[in-house]
Amino acid sequence: MKLSDTDIRRYMAEGRIAIDPVPGEDAIGAMSVDLQLGDSFRVFVPGKVSHVDLAPPGGIKGRDIEALMGHVEVGENEAFYLHPGEFALGITIQRVRLPADVAGRLDGRSSLARLGLMVHATAHTIDPGWDGRITLEFFNCGPLPLAMRPGMRICAISFEALMSPTSKPYAASPTAKYKDQLAPLPSRLASDQSA
């Protein structure tokens with residue numbers, strides 16, 4: 001069952017859902033909360049490799065992915081430019097904490113999509129028990145460069161109450177790849193390949 005604005009306010013007041021910094025009333029929609037763009041990005045550095053092997057036996061190594069991506073910090077009153085056909089990772093300003101009986105769903109804003117910006121390419125579900133800032137997967141599928149500025153409203157998170165708490169809350173898992181993230185982290189696909 002999706003949570004309404006009334007439910008979201010109640011869950012936040014009870015401390016069941018935490019968003020830090022706390023959103024203003026103008027950020028709470030009928031069934032979602034707007035999140036803002038942070039100042040940290042990761043971009044692929046061209047020319048490092050000819051391709052990325054996603055599966056064994058050639059499988060990608062974690063340190064190899066780190067080497068493929070550069071880290072970009074955007075200062076106050078500056079913009080991050082995403083050119084047509086480019087992909088980048090970004091992060092929300094807000095840290096989000098969910099209980100074991102609530103999942104989140106992240107969606108881009110329609111107004112930005114109409115300009116060619118995909119805000120979250122895949123993996124829209126935020127697992128129950130999540131605690132951290134949220135990495136965004138940007139792609140510019142439009143014809144013009146897009147200037148994104150820290151602090152702008154970039155996406156919305158909605159919440160769904162589970163019928164019962166999960167036995168595997170994300171932050172409690174010793175193998176959770178992205179728990180407590182505070183910056184956009186590159187893929188940790190390599191940690192999947194032992195399974």
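Cβ atoms are placed via backbone N, Cα and C, with glycine included.
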If I go by Swiss-Prot, which of Asp64, Asp127 binds dCTP at the same site as Arg109, Ser110, Ser111, Leu112, Ala113, Arg114, Thr135, Leu136, Glu137, Tyr170, Lys177, Gln181?
Asp127
What's the most sparsely packed of the binding-site residues Ala113, Leu136, counting other C-beta atoms within 10 A?
Ala113
From the Cα of Arg109 (dCTP binding site) across to the Cα of Glu137 (active site, proton donor/acceptor), what is the distance in angstrom?
13
Other Cβ atoms within 10 Å is the metric here; tell me which of the binding-site residues Ser111, Gln181 scores highest.
Gln181
Taking the Cβ of Tyr170 (dCTP binding site) as the reference point, list residues of the same chain whose Cβ is under 8 angstroms away and which are at least six residues distant in sequence.
Asp127, Pro128, Gly129, Trp130, Asp131, Ala176, Lys179
Among Arg109, Ser110, Ser111, Leu112, Ala113, Arg114, Asp127, Thr135, Leu136, Glu137, Tyr170, Lys177, Gln181, the annotated dCTP contacts, find the widest CA pair distance and round it to a whole Å.
33
